[in-house]
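Asks: A single structure is presented below for examination.
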Amino acid sequence: MRHFLTINDLSKEELHELLEDAITMKQEVKDGIPHPHLAGQTLGMIFEKSSTRTRVSFEVGMYQLGGHALFLSANDIQLGRGETVADTAKVMSRYVDGMMIRTFGHAKIEEFAANATVPIINGLTNEHHPTQVLADLMTIKEHKGELKGLKVAFIGDGNNNMTHSLIQGAVNADMSIIVASPKGYEPDQDIVDEAATEGSVSFTYDPKEAVKDADIIITDVWASMGDEAEIETRLQTFKDYQVNSDLVDYAQRDYLFLHCLPAHRGEEVTADIIDGPHSVVFDEAENRLHAQKALLKKLLKK
Ligand code: CP
Ligand code: NVA
């Protein structure tokens, strides 16, 4: 029984195989070839935060795999009224074949996983968003062919879920990653130190330095879910970290732009970039479906 709480829960080889399988199953969908690997199985999904892509892609993915997904808003189940995480995990494990959870602190999903007897998948915590990064890697692979040796630049909030999972995903896929953030928003040092033992991870306060010769430019919202009270301050703090036409001039001519979405045009990215020819954000959103199906198959298939 395997959980998927961070990108590091897959080995480099497993990550590579999973991306290949995702690309194969994507083609099977396009060719109308059914692949009911999880016939009769159920995925429970607990959401403590909003979602469009994660909810829909997991639900559709389970359906395409011949199974079923159950959407559970934390407000509607007893967890929201104080039933313990441990009891919820033990009870849910008696009904479903796997669980996806979107919550706030990462410790909560770790506690859930420690008490569950079925695989637990992280659908986003404050600290990690690993299923998004599976889709990001798949998208880069589709467009660039090979991940190895590419330079990834992440511009924006270095201390959020996307940055941490991208750092882990980049080094595990043999890409280099550089993060540019304002003071006070540096990535978690433990995550950086651990990733640095596997590959090239660096940090700068200068977004131009980060983007210089980059093959891949990635950004994310300046205020993540849970940071709403800080929006005004963050708009000021991050204003020099916008991905716009001046900044992308420093990148490789054939750079790709990625954003996990939802996006705020005019804040972290300008419309001409996210809606422009280098942007692959809608392939990236689609690939949530295919990459997660490969993950579900790997973790749940009997
Ligand atoms: N990118 C992503 O996780 O989107 P949702 O919040 O809509 O699920
Ligand atoms: N960093 C963002 C990602 C949303 C998919 C957030 O946590 O809100």
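Note that Cβ sites are derived from N, Cα and C of the backbone, with glycine treated the same way.
TrEMBL: automatically predicted annotations, no manual curation.
Not measured: the values here are computed from a predicted model.
Under the heading carbamoyl phosphate binding site, TrEMBL lists S51, T52, R53, T54, Q78, R102, H129, P130, T131, Q132, C260, L261, R288. Taken from TrEMBL, the feature L-ornithine binding site applies to N161, D220, S224, M225. Marked as domain 'Aspartate/ornithine carbamoyltransferase carbamoyl-P binding' by TrEMBL: 2-142. The domain 'Aspartate/ornithine carbamoyltransferase Asp/Orn-binding' annotation in TrEMBL covers 148-297.
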Asks: Among S51, Q78, N161, S224, the binding-site residues in question, whose Cβ has the most other Cβ atoms within 10 Å in this structure?
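Replies: Of S51, Q78, N161, S224, the one with the most crowded Cβ is N161.
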Asks: Have a look at the binding-site residues N161, D220, S224, M225 and say which one has the shortest Cα distance to C260 (carbamoyl phosphate binding site).
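Replies: Checking each of N161, D220, S224, M225 against C260 (carbamoyl phosphate binding site), the shortest Cα distance is to D220.
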Asks: What is the pLDDT of the domain 'Aspartate/ornithine carbamoyltransferase carbamoyl-P binding' (2-142) when averaged and given as a whole number?
Replies: 98
Asks: How big is the Cα-to-Cα gap, in Å, between Q78 (carbamoyl phosphate binding site) and M225 (L-ornithine binding site)?
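Replies: Just about 22 Å between their Cα atoms.
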Asks: How many neighbouring Cβ atoms, not counting its own, are there within 10 Å of the Cβ of R53 (carbamoyl phosphate binding site)?
Replies: 19
Asks: Given the binding-site residues S51, R53, H129, T131, R288, tell me which ones have a C-alpha lying within 10 Å of the C-alpha of N161 (L-ornithine binding site).
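Replies: So the list reads H129.
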Asks: For a quick check of understanding: among the binding-site residues H129, R288, which residue's Cβ has the most other Cβ atoms within 10 Å?
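Replies: That would be H129, with the highest Cβ count within 10 Å.
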Asks: Would you give the longest CA-CA distance, in whole angstrom, between residues of S51, T52, R53, T54, Q78, R102, H129, P130, T131, Q132, C260, L261, R288, the set recorded as binding carbamoyl phosphate?
Replies: 31
Asks: Of S51, R53, R288, which is closest to S224 (L-ornithine binding site) if I measure between C-alpha atoms? They're all binding-site residues.
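Replies: Considering only the listed binding-site residues, the nearest one is S51.
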Asks: Compute the C-alpha separation of H129 (carbamoyl phosphate binding site) from D220 (L-ornithine binding site), stating it in Å without decimals.
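Replies: Rounded to the nearest whole number, the Cα-Cα distance is 12 Å.
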Asks: Determine which residues of the same chain, besides N161, D220, S224, M225, have their CB within 8 A of the center of the CB atoms at the recorded L-ornithine site, and list them by sequence.
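Replies: My list of surrounding residues reads L124, N126, H129, D157, N160, M162, V221, G226, D227.
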Asks: Checking the binding-site residues S51, R53, Q78, T131, N161, R288: which ones have Cβ within under 6 Å of ligand 2?
Replies: N161
Asks: Whole-number Å distance between the CA of D220 (L-ornithine binding site) and the CA of R288 (carbamoyl phosphate binding site)?
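Replies: Roughly 16 Å, rounded to the nearest whole number.
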